[in-house]
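Q: Take this structure first; my questions come after.
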């Protein structure tokens, strides 16, 4: 019995199926939700795509439920959004809640449901295009003409309260062009376009985008015709600019032409040449030595305060570990002129001992890289020691002198005892000499000219000025120097003639000149004093003191009662000039 | 003589103070580099800065979510489990424009602060765990690190705004605590990825809330509802 009923049911079902198949009817196909969009983040609409309806009239329903709710709702509005849509009004829209939406297709045969769509309103924002796009050509009087584009925000967006943040994109192009010119604005609802081509028809479009969301569609094209007489460029300004620049160029050319040289010198100042105060090169060229020397003399010569200033900026000897004591100058030399020098050496602030020649020579090592900055008063190789007033000169390598010959100049602070017959500019530490010969010559020359004022102190000072550093180098250089000196015919007049044994090993800055002999033509042959240590060849040791200097450059020596060979010496003036370079 | 000097100096002081009071909010100065309390910054500038940062955080969150979705969540149906999974859902935040416009700015600001504070901890752990994730793309990790930093910055700025708009208000409101760390560290890969997905989804949503509320407050307070 039961079996019969079951088989009957099956039979009927199959019958129906076959009938419907023959008719072409079937349950509807699954519909598909296409997209959901919110134009203003306040409402949203969903659209779906129906599937095949299976030959029967099919109804579509949309059902949804919100996140956190179990109740299932049906779509409140199927009409507003158009066919196959569902519109959710403000009342039904929650911004930060997930919607699970399903569309169901129902027909006589059955129901088909779409896959659920998970919708979050914040992420589906796509506004409408901006509205009321207007174009206007403006010709302000004193400014360039332009195209004024205006629009208003799209519908359904609340920009004023800040709920909907929007940005715009405008594009325009001449009708026949291919590329668009695009502009962006944030909140403004207007734009001014300059630089338009006259006689063209321009097309303008605009679209917008929320802060987080999709771009809207482009608005319909708006067009405007630019008239042919549209003034594009403001040429008067360019004409003015051109004239102004031409005038400026002319002025500059004229200025350069007139004061070319002075301008050039202003920009690139020439290196100043050497200048010895009172030294007139022209006189020298003429060979008028007397006039030259007189000119030198007259130039406030000997220098007084200036000299001091020049001489004051000297070696700065920093910490010296090994305090090589300067051999105390022997107290027996109590001449007036000598004392200040001694005192100078001793009376500095405890650094006198540092200024031993050997140490100073070490310091002189450093600026060796700057040879022959002869002429500039600011020589880089000067070492400062304002207290001791000791300066350090350097002989550059041009003479292939390997060592250096620092000249230690002990300068008295008082102008009354100026230790140098020469103007300090020559022997200032800033100068380095090109060769020893020059030095000798100059020294000689100066010594010659000022032989009148040469007294014992000067002699000592001269010697001091010629102090050569102790040590191996010193010895060699001194020898070379002496050789150089002695190569000159006149140089044995004043300069000492050092023998093989250089007497200055012991770093004593002062030396005394001994008159060795007086030749027949009145030439003084001097000896350094220290010969006695090394066994002077001559037994006689003679000291002479200059008593006065006469007008015609004559040394008047005081005869020493102890000495035997002292006579009044005359140094012919004409001996001096040849010594001059 | 002395009296006139005193009165002169008082007058000068008065002038200076009145100038300062009048000029406040007109001249914009850069945000204090040394933290709050060291210099006066105008409210407009604070809001500008806050809006920029919140906008940036929401952009980063969206990108990070999309990257993760593309790489790890395709066809997995994680979204079904992401419903109701945010730890901040207990906060009574307005759900649409009308509700938000009716909420007082004090309440809105404390809600923003609560949201920001409650995300400090999860962001820190997010960075750590993403680092340890097998084959974690740099796009996700770098954004996570950036978001963590920006969140702190925004919190600072919001506290300053709060102090200026509502001076003297106590801000010790409790904030929701995140307890999803175990699920981020679970051995089951699917469960772990699902936990990540939830976290990123909630982060994206909350950053959107903060951004919207701030922009609303900005227009309301600074521009007087006339943006």
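Just so you know, glycine gets a Cβ as well, placed from its N, Cα and C.
Note that the coordinates shown come from a computational prediction; the quantities given were computed from them, not determined experimentally.
According to Swiss-Prot, the record shows the following:
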type	residues	note
SIGNAL	A:1-24	signal peptide
DOMAIN	A:27-127	domain 'Fibronectin type-III 1'
DISULFID	A:36-A:46	disulfide bond
DISULFID	A:75-A:86	disulfide bond
DOMAIN	A:129-229	domain 'Fibronectin type-III 2'
BINDING	A:211, A:212	Zn(2+) binding site
TRANSMEM	A:238-258	transmembrane segment
TOPO_DOM	A:259-581	topological domain 'Cytoplasmic'
MOTIF	A:267-275	motif 'Box 1 motif'
REGION	A:324-384	region 'Disordered'
REGION	A:458-499	region 'Disordered'
Q: Mind checking how the domain 'Fibronectin type-III 1' (A:27-127) divides into helix, strand and coil residues in DSSP?
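A: Split by secondary structure, the domain 'Fibronectin type-III 1' (A:27-127) comes out as 7 helix, 44 strand, 50 coil.
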Q: Going by Cα-Cα distance, which of the disulfide-bonded residues (A:36, A:46, A:75, A:86) sits nearest to residue A:211 (Zn(2+) binding site)?
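A: For residue A:211 (Zn(2+) binding site), the closest Cα among A:36, A:46, A:75, A:86 is found at A:36.
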Q: Filter the recorded positions A:36, A:46, A:75, A:86, A:211, A:212: retain a residue only if its CB is under 8 A from a CB of chain B. Output in sequence order; output 'none' if empty.
A: A:211, A:212
Q: Could you tally the C-beta atoms, other than its own, that fall within 10 angstroms of the C-beta of residue A:212 (Zn(2+) binding site)?
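A: Other Cβ atoms within 10 Å of residue A:212 (Zn(2+) binding site): 18.
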Q: List the residues of the same chain that sit at least 6 positions away from residue A:86 (disulfide bond) in sequence and have their Cβ under 8 Å from its Cβ, in sequence order, or write 'none'.
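A: Those within reach of residue A:86 (disulfide bond), by Cβ under 8 Å and sequence separation of 6 or more, are A:45, A:46, A:62, A:75, A:76, A:77, A:78, A:101.
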Q: Based on DSSP, tally up the residues of the domain 'Fibronectin type-III 2' (A:129-229) by helix, strand and coil.
A: 0 helix, 47 strand, 54 coil
Q: Whole-number Å distance between the CA of residue A:36 (disulfide bond) and the CA of residue A:212 (Zn(2+) binding site)?
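A: Residue A:36 (disulfide bond) and residue A:212 (Zn(2+) binding site) have their Cα atoms 16 Å apart.
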Q: Let me make sure I understand the structure: which of the disulfide-bonded residues listed (A:36, A:46, A:75) has the fewest other Cβ atoms within 10 A of its Cβ?
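A: Sparsest of the disulfide-bonded residues A:36, A:46, A:75 by Cβ contacts within 10 Å: A:75.
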Q: So if I draw a 10 Å sphere around the Cβ of residue A:211 (Zn(2+) binding site), how many other Cβ atoms end up inside it?
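A: Residue A:211 (Zn(2+) binding site): 17 neighbouring Cβ atoms within 10 Å.
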